[in-house]
């Protein structure tokens, strides 16, 4: 037992220049953990609540109230607790909040405390964070690199779809996967520049050019893969996150870049046509967060051809994931810690998905910090997939760099997921 001695929260800024919460945890013996909470741009309606001040500071986005809660109520409730008992700490935080959606204290107050405790405990136990949280063989994930941005991440200046990703499934190990991704990223930049398109980057480091259709980015990326010396589909596959809740209204999906208005069935057909032409292995949030019937039909139609990842529809919430499993809506879950609010609840979500034969993908948020917690979490849980942006911008590459450090530390004890990533439905 290593008791929590000090709890301290502060306001910092994230990768978009918005306030975020950072927490320091000190244990008896001087062991220390620090963690920061990210924030999303396209957030699901059913996510845990993020508390903002709503006053004149930072146009209402300040987090002083969340920090105050950490330094008063949360501090008092955690002092003296055993830091190595993560479920007990998290259950104490959940009980203190007393709501289903973290609406009292705010997920942005609770999560960084939960993460910082885990980090401090790993230091006290003198083991790496990924080992402290681990419950299985170590698996280094396939990095899903968002190298071209559209939708809300590019201020709606180009494609309707929010993220176009590459997945180096054919790489022999994680460092090589990162190298392949970087080479494709730089090649894509040269292609866009040659065509007179913008090479400015969006929130997650991907390029954000103005394009005339949702297929154009796939053509650019496929060309970049080939020009970099790799084979599309064999070495490097593609993945999409349309974030379709952002362009869904009154039962209609409006693709403004192409002047189309589609039903759920037509949207599914739209994806099916794409999968037939391009080496797409994963589609996240292909339909809206509350279009359950559409998700069920889409899973039945194309779920054996491609991974269908639920983000906004599940929001890392076991109640919603359980419904999805029962109704066969999707076949994979995106995992974002701040959607649910504690490390323990996050692990429960991954466990539920795994027990149902579903895969999981650990994810960053568009408003990030340099905290690399999710890198360790991905390895410890063996999800085999991580989504943390382009190989650009410090808050993105820190996760990749941490995973390369873990690869180095584990040596032969680790396996790169590659084409054997934890996807059991295919």
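Cβ atoms here come from the backbone N, Cα and C positions, even for glycine.
Sequence annotations record features per position, and here Swiss-Prot assigns active site, proton donor to 204 based on sequence analysis.
The annotation active site, proton acceptor is assigned in Swiss-Prot to 336 on the grounds of sequence analysis.
For residue 387 ((2R)-2-phosphoglycerate binding site), the Cβ neighbour count at a 10 Å cut-off comes to 30, with all displayed protein chains included. Swiss-Prot lists 162, 336, 365, 366, 387 with the feature (2R)-2-phosphoglycerate binding site, giving sequence analysis as the kind of evidence.
Positions annotated as Mg(2+) binding site by Swiss-Prot: 241, 284, 311. Note on residue 241 (Mg(2+) binding site): other Cβ atoms within 10 Å of its Cβ, all shown chains, come to 27.
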Rounded Cα distance in angstrom between residue 241 (Mg(2+) binding site) and residue 365 ((2R)-2-phosphoglycerate binding site) is 13
Tell me which of the binding-site residues 162, 365, 366, 387 ends up closest to residue 336 (active site, proton acceptor) in space, Cα to Cα. 365
Residue 365 ((2R)-2-phosphoglycerate binding site) as reference: those recorded positions from 204, 284, 311 with C-alpha within 10 Å of it: 204
Give me the Cα-Cα distance between residue 387 ((2R)-2-phosphoglycerate binding site) and residue 311 (Mg(2+) binding site), rounded to a whole Å. 12
Smallest Cα-Cα separation from residue 204 (active site, proton donor) among the binding-site residues 162, 284, 311, 366 is shown by 366
Cβ-Cβ distance under 8 Å, sequence separation of 6 or more, same chain as residue 284 (Mg(2+) binding site); the residues meeting this, in order, are 163, 239, 240, 241, 242, 243, 309, 310, 311, 334, 361
